[in-house]
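Copied from TrEMBL, the annotated features are:
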ACT_SITE  K67  active site, proton acceptor
BINDING   S16, K17, S18, T63, N88, D104, Y221, Q250  shikimate binding site
BINDING   G129, A130, G131, G132, A133, N153, R154, T155, V156, A157, K158, M219, G243  NADP(+) binding site
DOMAIN    8-90  domain 'Shikimate dehydrogenase substrate binding N-terminal'
DOMAIN    119-197  domain 'Quinate/shikimate 5-dehydrogenase/glutamyl-tRNA reductase'
DOMAIN    243-273  domain 'SDH C-terminal'
Amino acid sequence: MSNELYAVVGHPINHSKSPRIHSLFAKQTGEPVEYTAIQAPLDGFANTVRQFFESGGKGLNVTVPFKEQAWELADQRTARAEKAGAANTLYQNSEGRLVADNTDGQGLVQDLTVNHGIQLKGANILVLGAGGAVRGVLGPLLAQKPASMTIANRTVAKAEALATLFAEDAGATILSACGFEAPDQPFDVIINGTSASLQGDLPPVRTNVITAGTVVYDMMYSLQTTTFNQWALDNGAVRVFDGLGMLIEQAAESFRVWRGVQPDTASVIDVLRND
Ligand code: ATR
């Protein structure tokens, strides 16, 4: 069987790990998948997508800065993409309509619960940030039924808007919004979804949100300990994780959506950690 074509679209795209991850999935599963990276012009995302599918492409991942455009462009959206307000996965259904999905939240939950064995049900969770990355993961996190979820952000109004948007998904979870400095007691799980470290900053949260039992998860990943995780370790955290597992799990979920086959992720996480 000849290979079927998939790609990740972004700008810039040269550092994307998605081609490496999906090639490893293809090799491992024997699926006839060829996966490349496409840099779309900043004003040419819709054209790039159209051309890709017109020339026979089967599925796209979408990354910065096009996730919101992918969501808008689609003819229909999965429920989880609808709520996320952004899409990282595109494909055509049997009628040729463009479907948008979002696998980021599932990727985060899978990494936390399966790879790291963390119980989110009944946990008190502090989420830092209220941008697109956080919006993309709140639904799947709330579906785990934490006891409480506190969304803290520099711009409090954005945290409040997310708490309102996700109120209907909260069920029995106590969902609240505040500034970074308000939380004043220990949390079971702290998730950093801000991009503060890109500016060399840290979200100014109090150190008493951390105890030795707190799990700290930075959605960023890096070869070294991330800035946020280092801060957490310096303030008493013992279990800190970066976002490499989430990156690979969201890719695996896209692969499953496209191919109907679930790749093994543990071996791929090992390979990328040692690249
Ligand atoms: P992303 O797609 O990565 O979520 P975004 O939508 O621009 O990008 O959101 C970035 C998040 O990081 C926001 O929560 C932002 O806070 P504001 O909503 O107040 O802008 C947060 N952020 C960015 N730079 C920050 C900094 N230097 N200190 C603290 N928070 C920061």
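Yeah, the Cβs are placed from backbone N, Cα and C, and that goes for glycine too.
Please treat TrEMBL annotations as automatic predictions, because they have not gone through curation.
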Counting every protein chain present, what is the number of Cβ atoms, excluding its own, within 10 Å of the Cβ of Y221 (shikimate binding site)?
18
Of all the recorded positions here, K67, R154, K158, which one's CB has the most other CB atoms within 10 A?
K67
Helix, strand or coil: which one is T63 (shikimate binding site) in, per DSSP?
coil
Set of same-chain residues at least 6 away whose C-beta sits under 8 angstroms from V156 (NADP(+) binding site):
A177, C178, G179
Cβ under 6 Å from an atom of ligand 1: which of these binding-site residues qualify? The list is G129, G131, A133, R154, Y221.
G129, G131, A133, R154
In the same chain, which residues outside the set S16, K17, S18, T63, N88, D104, Y221, Q250 have their CB within 8 A of the centroid of the CB atoms that define the shikimate site?
V8, I21, N61, L247, A251
Residue, out of the binding-site residues G131, G243, whose Cβ gathers the largest set of other Cβ atoms within 10 Å:
G243
If you count the C-beta atoms lying within 10 Å of each candidate's C-beta, which of the binding-site residues T63, Q250 ends up with the smallest number?
T63
Let me know how many other Cβ atoms fall within 10 Å of the Cβ of D104 (shikimate binding site).
30
Any idea of the Cα spread of the NADP(+) site, G129, A130, G131, G132, A133, N153, R154, T155, V156, A157, K158, M219, G243, as a max distance in Å?
26
